[in-house]
Amino acid sequence: MDMGFHENEQNQEFANLMEIGSGHYGCSHYRRRCKIRAPCCDEIFDCRHCHNEAKDSLHIEQHHRHELPRHEVSKVICSLCETEQDVQQNCSNCGVCMGKYFCSKCKFFDDDLSKKQYHCDECGICRTGGEENFFHCKRCRCCYSKIMEDKHQCVEGAMHHNCPVCFEYLFDSTRDITVLRCGHTMHLECTKDMGLHNRYTCPVCSKSICDMSNLWKKLDEEVAAYPMPKMYENKMVWILCNDCGSNTNVRFHLIAHKCSSCGSYNTRQTQRGSDSHSCSSGMPQVVGSTG
């Protein structure tokens, strides 16, 4: 009975330490009960993102800009008792849990378990969304949803570059990322912003980022409804299709040029036709970017 009582008491004490201050400390990036000492500049910050916003922004002189090396963090400060100590999940002084999720490899703390954090050894960092829902693509060198397994277009180091819209580095971004049909990646929010501005092609390779068949049908109707003047009706131009990569020779039209191979209007003119009267004959045209 006594042993059971003491065991229950210990369990209750552990539960209390897990909850004391939970959700009340941290920053705009993470809820956590500790701060970190940056190994690069020896200053104290709530998290690595807070450090990078302060030390790697445009208002800092370029030769002073730097990012925090997350794996080199060795000291943390408990937010409740302010004790500085080696990296560990529970405070060495007051015993409070400094993060319900703790990764000793990334020196990472987070009290919000709803993110379903997990550490990927192949990525070398912690990710969110639940390990059971993701797989690591060795060629793309990042974690993707299992829905995409054996279904995505591989691109070497797909997320090891900046977003082509906002230029934030994608690999360790905390914002949602989408994989386009061509295999290139960008922030989901940036993709939606492109849609608001009627931009439906990949900023990297110019391929269509969604099913454009309905728009192509409308363009078929538009082209049929507006025949070219007699001086242009026999004019032929060479076009390159951004979607399938084919070079085809098609009839010139002011509205759009349709790929003879795949039927896409996401094309651009690559060579002057036989008739030089048109001022637009040498201009590139990407109809897929209009909506």
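Glycine too: its Cβ is placed from the backbone N, Cα and C atoms.
Feature annotations, courtesy of Swiss-Prot:
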type: ZN_FING; residues: 20-96; note: zinc finger
type: BINDING; residues: CYS27, HIS29, CYS47, CYS50; note: Zn(2+) 1 binding site
type: BINDING; residues: CYS40, CYS41, HIS51, HIS66; note: Zn(2+) 2 binding site
type: BINDING; residues: CYS78, CYS81, CYS91, CYS94; note: Zn(2+) 3 binding site
type: ZN_FING; residues: 98-162; note: zinc finger
type: BINDING; residues: CYS103, CYS106, HIS119, CYS126; note: Zn(2+) 4 binding site
type: BINDING; residues: CYS120, CYS123, HIS136, CYS143; note: Zn(2+) 5 binding site
type: BINDING; residues: CYS137, CYS140, HIS152, CYS154; note: Zn(2+) 6 binding site
type: ZN_FING; residues: 163-206; note: zinc finger
type: MOD_RES; residues: SER173; note: phosphoserine
type: MOD_RES; residues: THR178; note: phosphothreonine
type: MOD_RES; residues: SER208; note: phosphoserine
type: REGION; residues: 271-291; note: region 'Disordered'
Additional residues around Zn(2+) 3, ordered along the sequence, whose Cβ is within 8 Å of the centroid of CYS78, CYS81, CYS91, CYS94: SER79, LEU80, GLU82, THR83, SER92, ASN93, GLY95, VAL96, MET98
Output field, Zn(2+) 1 shell: CB within 8 Å of site CB centroid, site CYS27, HIS29, CYS47, CYS50 dropped: GLY26, SER28, TYR30, PHE45, ASP46, ARG48, HIS49
Nearest-integer angstrom distance between the alpha carbons (Cα) of CYS91 (Zn(2+) 3 binding site) and HIS119 (Zn(2+) 4 binding site): 22
Listed binding-site residues (CYS27, CYS78, CYS126), ranked by Cβ neighbours within 10 Å, top entry: CYS78
For CYS50 (Zn(2+) 1 binding site), the three-state class that DSSP assigns: helix
Distance check against CYS143 (Zn(2+) 5 binding site) for the binding-site residues CYS27, CYS40, HIS66, CYS137, keeping those with Cα within 10 Å: CYS137
